[in-house]
Every structure is written in structure tokens, then in C-alpha cells.
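Per TrEMBL, active site is recorded for GLU276. Summarising the annotation, TrEMBL assigns active site, proton donor to ASP359. According to TrEMBL, the Zn(2+) binding site annotation covers HIS275, HIS279, GLU355. The domain 'Peptidase M48' annotation in TrEMBL covers 171-410. If you look up TrEMBL, you'll see 234-262 marked as region 'Disordered'. As annotated by TrEMBL, transmembrane segment applies to 13-33, 85-108, 114-138, 297-319, 325-350.
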Amino acid sequence: METILDLPIENKIFYAVLVFSWTVYLWEAYLAYRQRRTYRSTMHVPQELGKIMDTDTFEKSRLYQLDKSNFSFWSGLYSETEGTLILLLGGIPFLWKVAGTVTARFGLGADYEIFQSLSFLMLATLFSAFTGLPWSIYNTFVIEEKHGFNQQVLVTIYADYIAPLFDKFTPLPEGELKEEIESMSKSINFPLTKVYVVEGSKRSSHSNAYFYGFFKNKRIVLFDTLMEDYSPLNKDGEPENVPAEETDTPTEAKAKPKNKKQGCNNPEVLAVLGHELGHWKLGHTVKNIVISQMNSFLCFFLFAVLIGRKELFIAFGFYDSQPTLIGLMIIFQFIFSPYNEVLSFCLTVLSRRFEFQADAFARGMGRASELYSALIKLNKDNLGFPVADWLFSMWHYSHPPLLERLRALGGTKQD
């Protein structure tokens with residue numbers, strides 16, 4: 001009786017890829033189940049947050065994360081099933097042949113592999129967009145809308161990808177906040193040249209801040225939703241508890257956001273920036289770049305070693321040709337998947353370590369109390385859930401859970 005050990009090497013490769021893919025999926029599903037169990041069982045605000053986070057916000061956060069987790073389960077199951085069917089039914093070689101048919105209509109034969117590769121990428125992108133669109137619509141217009149984060153209309157669903165290229169960056173006006181930012185940057189020799197406020201609220205009510213730039217030309221960007229003095233969510237809408245029929249303003253003009261966000265006050269914004277500048281001062285950005293470049297070098301070195309192995313192509317249905325693009329897909333997406341999982345986990349652990357170090361840096365600048373309250377406000381504004389299953393967070397969270405960060409800051413109390 002023939003066993004798996006007796007199968008040709010190309011068959012062993014194919015089945016190994018399938019088994020590993022489903023193993024990873026089941027592991028991820030198990031972790032997600034543990035976290036959903038945490039969402040369902042944690043019904044009360046943790047003691048550390050009892051005087052800071054109200055019960056209503058805690059419940060909204062719990063339900064938001066539970067909805068997202070349930071959605072991720074079904075979308076993940078669909079994605080894994082779709083990928084498996086594509087491999088079993090020979091979807092990749094089939095699409096490659098279709099791409100060849102398309103290029104042949106323009107008089108380009110098999111020798112024009114670059115054009116066939118471009119055609120293949122276009123068809124694969126269209127297929128992915130078509131199959132993923134219903135999930136994207138549901139996530140944006142059901143889950144995000146239900147919990148008050150979606151700020152789009154249907155015709156601009158692509159805004160998450162296109163709009164950032166056209167975001168309006170406004171220089172932060174002269175004033176106390178800008179002076180404090182410049183003073184803090186100067187104190188650690190951060191080469192700040194400009195500070196911008198970006199209208200992130202047009203696309204989402206999530207808060208953020210970051211810096212960018214090369215060498216001696218760094219710029220800080222603050223989302224308007226991060227700052228309570230700038231967030232439109234604190235300014236728009238009708239007064240609290242005033243019925244629509246008792247005002248003269250048209251209903252459409254005075255509709256309030258479902259979740260009013262308060263953002264952070266100036267000292268808290270400075271604490272958040274102190275954390276971000278800590279990443280720069282401690283060399284985290286450079287270290288991540290070095291790791292990325294070393295990984296890229298290793299991957300392309302191994303790619304050069306493996307690209308000539310015909311059995312890799314046969315395993316995925318390419319018996320008569322070895323297209324370079326297909327080789328890239330097979331090696332990077334399938335053959336490297338075990339390595340990628342290990343690397344991803346290691347980078348997650350490293351990222352959490354960096355976050356703790358950046359928090360400690362802000363604390364060393366005398367901003368522990370402000371960062372403490374800022375982390376809680378940002379967690380509330382983004383409906384983050386402060387309680388996490390230890391195994392789920394260890395595998396997934398690039399940032400430590402809120403309670404761990406607060407404890408590391410020294411348990412600073414906020415009234």
C-alpha cells in the first residue's frame with residue numbers, strides 16, 4: 001500500500017503546503033476563540049480602570065471587539081477555503097493560461113513572459129478584489145458603521161487606500177502646543193522641521209500620530225482626532241439631550257456621531273509624542289529597517305537557490321514552464337510560510353519590547369502620568385478592549401495590552 005513517503009517529491013511539497021496552511025489557520029482560530037471567550041466572560045471594568053473607564057464605554061468596546069472577532073472568524077474561514085480550492089482545482093496554472101490567451105490576442109506569444117506576468121497580476125488582482133469586496137463592504141458599512149467609526153460613503157470605499165495620498169496636511173498653528181513639541185524635540189536632539197495636523201477624521205475616527213523623514217529633516221504628523229482641541233467629533237453635532245424637533249437646524253446638519261470622542265489634552269499629546277520620539281531616540285526605527293533588509297537579503301538569496309528546482313513548479317501544476325513570477329509566488333507565499341510565521345512571531349515579541357521601552361522613555365521625561373491617561377483615552381476613543389487572553393496577545397499583539405502598559409508605567413493613579 002502506497003504511503004505518503006512513497007509519493008513523488010512534488011506531491012509531498014503540495015500536500016505539505018496544504019497541511020501547514022490549515023495548521024496555521026486552526027491555530028489562529030483557536031487563539032481567536034480564546035479571545036472571544038475573554039470578550040464574553042469579562043463583563044465588568046477591571047479594577048485598575050474602575051475610576052477612569054465608565055461601564056458604558058467598556059461595554060461598547062467589548063461588543064465592538066466581539067463583532068470584529070466574529071467577522072474575522074468567518075472571513076478567515078472563507079479565505080482559507082478559497083485558497084485551498086484554488087490550489088486543489090489548479091487555479092494558478094489556469095489563470096496563467098488565461099493570461100497567456102489575453103496577451104496572445106495582442107500578438108504576444110509565450111516568449112513575452114513579462115507581458116503575460118503583467119496580465120496574470122491584473123487578473124489575480126481583479127479576482128481578489130471581486131471576492132473580497134463583499135467582506136470589505138460588510139466590515140466598513142456594518143461593523144464600523146454600527147460602532148461609529150465609518151465616515152465614508154459607498155462610492156469612496158477605496159478611500160482607505162487612495163485618500164491617504166491626498167490627505168490635507170495643515171501646519172500646526174503657532175501656540176503653546178507647538179512650542180512644547182519643538183522644545184521637547186530639541187531636548188533629545190530630534191531634528192524636527194515641521195509639525196502637521198492631518199484631517200484623518202474624514203475617513204475614520206480612529207486616532208494616531210507619527211513622524212517621518214530622512215536624516216535632518218523630520219516631520220511630526222498629528223491626526224486631528226488625537227487632539228481634543230482639533231477633533232471635529234468634539235465640535236460637530238447638536239447639543240446633548242435636545243430633541244430634533246425642538247431645534248431649527250435641519251436634521252441632516254446636526255446629526256451627532258454615535259461615539260463622541262474626546263481626544264487628548266495638550267500634556268497628553270506631548271506624552272504620546274514622547275513615546276513616539278522614544279522609538280527614534282532608542283534606535284527602534286533603524287533596528288527595524290536593518291532587520292527588514294537582512295530578511296530581504298536572506299529571502300532573495302534562498303529564492304535564487306530554489307528558483308531552478310523544477311519540482312516546485314510541478315507541485316503547483318506547471319509541468320512545461322517555470323515562469324519567474326510564478327516562482328516568486330510559490331517560494332515566497334508557500335515554501336517560506338513556516339519561516340514567515342516564526343519571523344512574524346519574533347517581530348511581534350520584539351515590537352512589544354520596543355513599546356515598553358518607548359513608554360519607559362516617556363516616563364523618564366517626566367510624562368508618566370500624562371501617558372497613563374492618554375493611553376486610556378486612546379483606548380476608549382478606538383474602542384480598544386483592555387483585557388486580553390495571554391496566549392492570544394502573545395501571538396498577535398505588536399503592542400502590549402493596555403493593562404500591562406499601565407502597570408509598567410508604575411501604576412500612576414488618575415482621578
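In case you wondered, yes, glycine gets a Cβ from its N, Cα and C as well.
When the Cα atoms are compared, HIS275 (Zn(2+) binding site) and the residue listed as 'active site, proton donor' turn out to be 5 Å apart. Summary for the recorded positions GLU276, GLU355, ASP359: the Cβ-based neighbour count within 10 Å is maximal at ASP359. When averaged over the domain 'Peptidase M48' (171-410), pLDDT in the model lands at 85. Listed stretches 114-138, 297-319, 325-350 were compared with the transmembrane segment (13-33); the greatest number of C-beta pairs under 8 angstroms is found for 325-350. Here the transmembrane segment (114-138) has Cβ contacts under 8 Å with residues 71, 75, 78, 82, 95-96, 98-100, 102-103, 106, 108, 154, 157, 323-325 of the same chain, all six or more residues outside its ends. Every protein chain considered, the tally of other Cβ atoms within 10 Å of the Cβ of HIS275 (Zn(2+) binding site) stands at 24. Cβ environment of HIS279 (Zn(2+) binding site): THR285, PHE354, ALA358 lie under 8 Å away, each six or more residues apart in the same chain. The Zn(2+) site is defined by HIS275, HIS279, GLU355, and by the 8 Å test on Cβ atoms against their centroid, the other residues of the chain that qualify are GLU276, GLY278, HIS284, PHE354, GLN357, ALA358, ASP359, PHE361, ALA362.
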